[in-house]
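> Feature list, courtesy of TrEMBL:
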| type | residues | note |
| --- | --- | --- |
| DOMAIN | 6-276 | domain 'YjeF C-terminal' |
| BINDING | 41, 99, 149, 218 | (6S)-NADPHX binding site |
| BINDING | 187, 188, 189, 190, 191, 217 | AMP binding site |
């Protein structure tokens with residue numbers, strides 16, 4: 001039986017800073033995101049990671065997105081492929097997928113996966129999920145978390161969206177078992193979190209249509225990367241990422257309404273919640 005959770009049930013899990021901590025203590029995150037014309041996904045994911053407490057965030061994105069990324073967040077390093085491979089040897093979390101597609105650049109990024117340090121947490125989102133059938137890296141990392149929406153989940157299981165939505169809890173478990181990963185976060189109304197190590201399933205009991213807009217999934221992936229980088233255990237990181245994401249949406253809805261929430265507006269609300 002699935003366990004329910006929400007932000008209030010997890011507020012004692014919020015990350016705390018040691019008075020002597022420095023950026024290295026708070027985690028190093030590398031985000032591989034944003035093919036040509038999709039730069040916003042990388043910007044949103046990296047900004048969400050930074051605003052959620054990552055000590056150092058780097059973004060590897062298509063060259064056409066570099067200027068916009070640096071202008072938006074100069075605190076985030078934007079890397080070339082050679083630097084990216086070298087940097088991955090001193091990394092806590094790798095997030096791959098937001099804004100990646102089937103173009104040549106995105107396919108090159110999937111090959112990069114073979115060269116990264118395997119002793120990391122790997123978060124695979126959006127376009128990165130299409131690489132799973134061809135790369136074994138997810139089986140070799142310290143922990144791997146997949147964050148599909150129903151359409152991506154259907155593709156992973158070679159089934160229909162209707163089948164996924166008709167049995168969301170079991171679908172999340174099937175994905176984890178098929179791909180041998182540590183956790184699956186199946187997004188949507190009442191987001192499902194399945195954890196392989198404990199064979200436990202959790203269902204968010206908050207959230208609504210206010211989060212149904214472009215980029216909110218990129219933000220969730222960024223939050224998760226930050227919490228994992230801060231040495232939060234896998235269960236707490238997955239649950240808190242979903243909970244704070246949903247709660248930020250609810251706070252927007254209560255203040256303004258459920259229509260017109262853009263992903264960029266969500267990020268400052270998330271930072272405020274994490275500092276409660």
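Glycine too: its Cβ is placed from the backbone N, Cα and C atoms.
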> Setting 41, 99, 149, 218 aside, what same-chain residues sit with their Cβ within 8 Å of the center of the Cβ atoms that define the (6S)-NADPHX site, listed in sequence order?
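Near the (6S)-NADPHX site, the remaining chain residues are 33, 38, 44, 45, 97, 98, 125, 126, 127, 214, 215, 217, 221.
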> Between the Cα atoms of residue 187 (AMP binding site) and residue 41 ((6S)-NADPHX binding site), find the distance and write it as a whole number of Å.
17
> Taking the recorded AMP site as 187, 188, 189, 190, 191, 217, identify the other residues of that chain whose CB atom sits within 8 Å of the mean position of the site's CB atoms, giving them in sequence order.
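Counting only non-site residues, the set is 149, 150, 186, 192, 204, 207, 211.
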> In angstrom units, rounded to an integer, how far apart are the Cα atoms of residue 41 ((6S)-NADPHX binding site) and residue 217 (AMP binding site)?
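Spelling it out, the Cα of residue 41 ((6S)-NADPHX binding site) and the Cα of residue 217 (AMP binding site) are 9 Å apart.
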> Rounded to a whole number, what is the top Cα to Cα distance in Å among the residues the record ties to AMP, namely 187, 188, 189, 190, 191, 217?
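Per the listed residues, the maximum Cα distance equals 14 Å.
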> Let me make sure I understand the structure: which of the binding-site residues listed (149, 187) has the fewest other Cβ atoms within 10 A of its Cβ?
149
> A 10 Å Cβ contact count, applied to the binding-site residues 99, 188, 217: which residue has the minimum?
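188, out of the binding-site residues 99, 188, 217, has the fewest neighbouring Cβ atoms within 10 Å.
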> Expressed to the nearest Å, what is the distance separating residue 190 (AMP binding site) and residue 149 ((6S)-NADPHX binding site) at their Cα atoms?
12
> Reported as an integer number of Å, what is the Cα distance between residue 191 (AMP binding site) and residue 218 ((6S)-NADPHX binding site)?
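Cα of residue 191 (AMP binding site) to Cα of residue 218 ((6S)-NADPHX binding site) measures 15 Å after rounding.
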> C-alpha of residue 149 ((6S)-NADPHX binding site) to C-alpha of residue 188 (AMP binding site): distance in Å?
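That separation, Cα to Cα, works out to 6 Å.
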> Counting only other Cβ atoms and using a 10 Å cut-off, which of the binding-site residues 189, 190 scores lowest?
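If we count Cβ atoms within 10 Å for the binding-site residues 189, 190, the smallest count is at 189.
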> Output, ordered by sequence, the same-chain residues six or more apart from residue 218 ((6S)-NADPHX binding site) with a CB under 8 Å from its CB, or 'none'.
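For residue 218 ((6S)-NADPHX binding site), the qualifying residues are 33, 40, 41, 42, 44, 45, 48, 98, 99, 125, 126, 263.
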> Where does residue 41 ((6S)-NADPHX binding site) sit by DSSP, helix, strand or coil?
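Once the DSSP labels are grouped into three classes, residue 41 ((6S)-NADPHX binding site) ends up as helix.
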